[in-house]
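According to Swiss-Prot, the feature 3-phosphoshikimate binding site maps to LYS38, SER39, ARG43, SER185, GLN187, ASP335, LYS362, an assignment based on sequence analysis. As annotated by Swiss-Prot, phosphoenolpyruvate binding site applies to LYS38, GLY111, ARG140, GLN187, ARG366, ARG408, with the evidence given as sequence analysis. The active site, proton acceptor annotation in Swiss-Prot covers ASP335.
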Amino acid sequence: MSKSIINLQSVENQQILSITPPNTGLSLQGTLQIPGDKSISHRALMLGAIAEGETIIAGLLLGEDPRSTAECFRAMGAQISPLNSEKVTIQGIGLGKLQEPLDVLNAGNSGTTMRLMLGLLASHPDRLFCVTGDASLRSRPMSRVIQPLQDMGANIWGRKNNTLAPLAVQGKSLKPIHYHSPIASAQVKSCILLAGLMTDGKTTVTEPALSRDHSERMLQAFGATLDIDSQTNSVTINGHPKLIGQTVIVPGDISSSAFWLVAASIVPGSELLIENVGINPTRTGILEALEMMGADITLENKRILTGEPVADLRVKSCQLKGCTIGGNIIPRLIDEVPILAVAGIFATGKTIIKDAAELRVKESDRLAVMASELTKMGAKITELPDGLEITGGTPLKAAEVDSYTDHRIAMSLAIAALNAKGKTIINRAEAAAISYPKFVETLQQVCGDSN
């Protein structure tokens, strides 16, 4: 097997990743353990902090986003052990007992931290909380959670007519509501359910389509009472449950697996086994989309871990074919659209991704950025108002591209570079550490690069 040359350099406060695949003979091989699921890691930290007693989390993602969550809840009184191993212990403080912090809470780059936490902060009477984030997070819309919280009686102030962070939250007693969300968003749903923990009565969220359900599963595991109506995509939570600390085993993140599923599919002669991956049905849109494209993926050793379905994923290279991806599947693969765009480049025919306008308000405008950066590499890709149109079959050439400090962009471009001719340079590659601290090491491993 010929080797790629993969180098990561630090230059002037940024990391630059360069990837030079061999002219012939590259194939990806190996068995991978991927980082813990980011969505589940956030929720385990939050619920452990507000539950009574001890919570033990095994397999926690040690990325920057969960660290932001841990720091915020430490500042409000929870005792959380250092995030320097994948086993973390939390001494919870009990529901309704978050302390007023001495300083501003910083959510970093994490929209999940800020949006979910707002539901808890708004429902703690007689306490003032100030929340901010990095430049990217301060530009992301918060009205989608602030509006329903205000409907519950919350007092929240922010920039741009209370839509952008930094935010000030004056906690108070909230009233239960039935909120009909205009978008399928697990962050919106989870924020309202967490606010509902402290209300007198039942709080309901109805969505236009099913979004990921990690919050519902974990709330039930910690002792909350929920009524879930899958026919109407509605979830109801009863206020004032007794939450008890739990042992949580975090499965591998299917969003992180997606990079290797696509990489092994598009690099000829490849075969990877990705172990211990969460296959929650609200997250498996990526598997269904790749199946539509003809990918050779098998699920082995299916099992249940702490209420979440898990399997090992075996993927072998094959010729992908273009297809149209849209509708209700989009909320179930929203984070995987950038890497799906890469799959489309190497598929025969045309791939259309639609109904994904939500990607314009992620860590970057992911539709615009993927179109611009892949075009630099020679891809035939056109931006749509709510998606991308990709014509496959055009060989990629090396180029200098930019992550725009977006972790999923950085990693998607790295996978594209494996099939590009020449040396591709990815600027601001440090963004990958937000959700996948050892991404470059794993890339070197599967490519047989010992650098």
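Just so it is clear, glycine is given a Cβ too, placed from its N, Cα and C backbone atoms.
If you take the C-beta of ARG408 (phosphoenolpyruvate binding site) and look for same-chain residues 6 or more apart in sequence within under 8 angstroms, you find SER255, ASP335, PRO338, ILE339, LYS362, GLU363, ARG366, SER435. Cα-Cα distance from LYS38 (3-phosphoshikimate binding site) to GLY111 (phosphoenolpyruvate binding site): 12 Å (rounded to the nearest whole number).
The DSSP secondary structure for ARG140 (phosphoenolpyruvate binding site) is coil. The record assigns LYS38, GLY111, ARG140, GLN187, ARG366, ARG408 to the phosphoenolpyruvate binding site, and the maximum Cα to Cα distance across that set is 19 Å. Across the structure, SER39 (3-phosphoshikimate binding site) and GLY111 (phosphoenolpyruvate binding site) are spaced 11 Å apart at their Cα atoms. In this structure, the C-alpha atom of SER185 (3-phosphoshikimate binding site) lies 14 angstrom from that of ARG140 (phosphoenolpyruvate binding site).
Recorded residues ARG43 (3-phosphoshikimate binding site) and GLY111 (phosphoenolpyruvate binding site) have their alpha carbons 13 Å apart, per Cα-Cα distance.
Here the C-alpha separation of ARG140 (phosphoenolpyruvate binding site) and GLN187 (3-phosphoshikimate binding site) works out to 13 Å.
On a Cα basis, GLY111 (phosphoenolpyruvate binding site) lies 8 Å away from GLN187 (3-phosphoshikimate binding site).
Once Cβ contacts within 10 Å are tallied over all protein chains shown, the binding-site residues SER39, SER185, GLN187 are led by SER39.
Around GLY111 (phosphoenolpyruvate binding site), the same-chain residues six or more apart in sequence whose CB sits under 8 Å from its CB are LEU137, ARG140, GLN187, LYS362, GLU363, listed in sequence order.
DSSP assigns ARG408 (phosphoenolpyruvate binding site) to a helix. All protein chains considered, the CB of LYS362 (3-phosphoshikimate binding site) has 20 other CB atoms within 10 Å. Secondary structure at LYS362 (3-phosphoshikimate binding site), taken from DSSP and collapsed to helix, strand or coil, is coil.
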